[in-house]
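Visitor: Pasting the relevant annotations from TrEMBL:
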type	residues	note
DOMAIN	110-267	domain 'Tyrosine-protein phosphatase'
DOMAIN	192-254	domain 'Tyrosine specific protein phosphatases'
TRANSMEM	20-41	transmembrane segment
Amino acid sequence: MNRLVEKSKKIIKWYSLFSLPINTTNALYLMGGYCIFSLGWTAQQTTETFMQISDFLVFYRDASQGPANYDLDVFACFRAMEKAKALGWIDFNTFDYQEYTFYEQVENGDFNWLVPNKFLAMATPTAVARRTPTTVTHTPEYYIPYFKKNNVTCVIRLNTVEYDRNSFLKEGIDHHDMYFVDGTVPSLAIIDKFIHVCETTPGAIAVHCKQGLGRTGTLIACYLMKHYDFSVPEMIAFLRIQRPGSVVGPQQHFLHSVEAIVKGPKINVPVRRIKKCSLEAPAVISLKKPSSRATPTKV
């Protein structure tokens, strides 16, 4: 967009078919991003400017195939963009588009930096590399050169064992197991342990579950909400901007249940019972699902 503006003094008109709310919402998402990152607008300014077409918009949803049960509006995305810009987490002056698009592909590693130099989210490595029509995986040895180059000093595994952790340990990369079932939510004990490891680890941390979406995004969200001023919708929006498909199903409502706990001075385990998340809610139109990643399964 900046190149188009620089080349022409004419007004650029962005067209979208108002008969298709998906197109309208996604067009607004892109225009809002331009206003925040290139024009320096605040999220509030951007929201007020586009609120007049709010009746033509639909909600974003998670990447699961079941009924949608959590409404995420595009205006939460604007607030997430504004905060990520202020923190330096999204900076298009330093953003490497070629690296991002290369490594997000499953055949090249299936990983994304959520927070530069702090959190890298990825799919699980496997003991033996696999390549089938529907699955591509890599061994720990594939990732180690990139980890060393980018100061990744710790790996946290949230899924079942599919490789020998010593593959990382013998290369000087710390490793922690914090397993919980795919599609579910972590215990307070796991959240407490995860935050402690992240707070005491020098260097960047690679976090993975089976696909690096649900469990991975949920725990990273807990850490980021504790240390930075993000609401739950803003946090989910930010994670999905960085790695589409992050935080799935009941994990969305779970983050609301633990928000006050993780933002408190200490996580009390297990003093408070987490409110059970309801799975019943009206469906909404799906706008953003990861095209190159399968639907999360019980692992």
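Placed from the backbone N, Cα and C atoms, the Cβ positions cover glycine too.
Neighbours and distances for these, please.
Guide: Within the model, the domain 'Tyrosine specific protein phosphatases' (192-254) shows a mean pLDDT value of 97, rounded to a whole number.
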Visitor: With DSSP as the yardstick, break the domain 'Tyrosine specific protein phosphatases' (192-254) down into helix, strand and coil residue counts.
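Guide: With helix first, then strand, then coil, the domain 'Tyrosine specific protein phosphatases' (192-254) has 39 helix, 5 strand, 19 coil.
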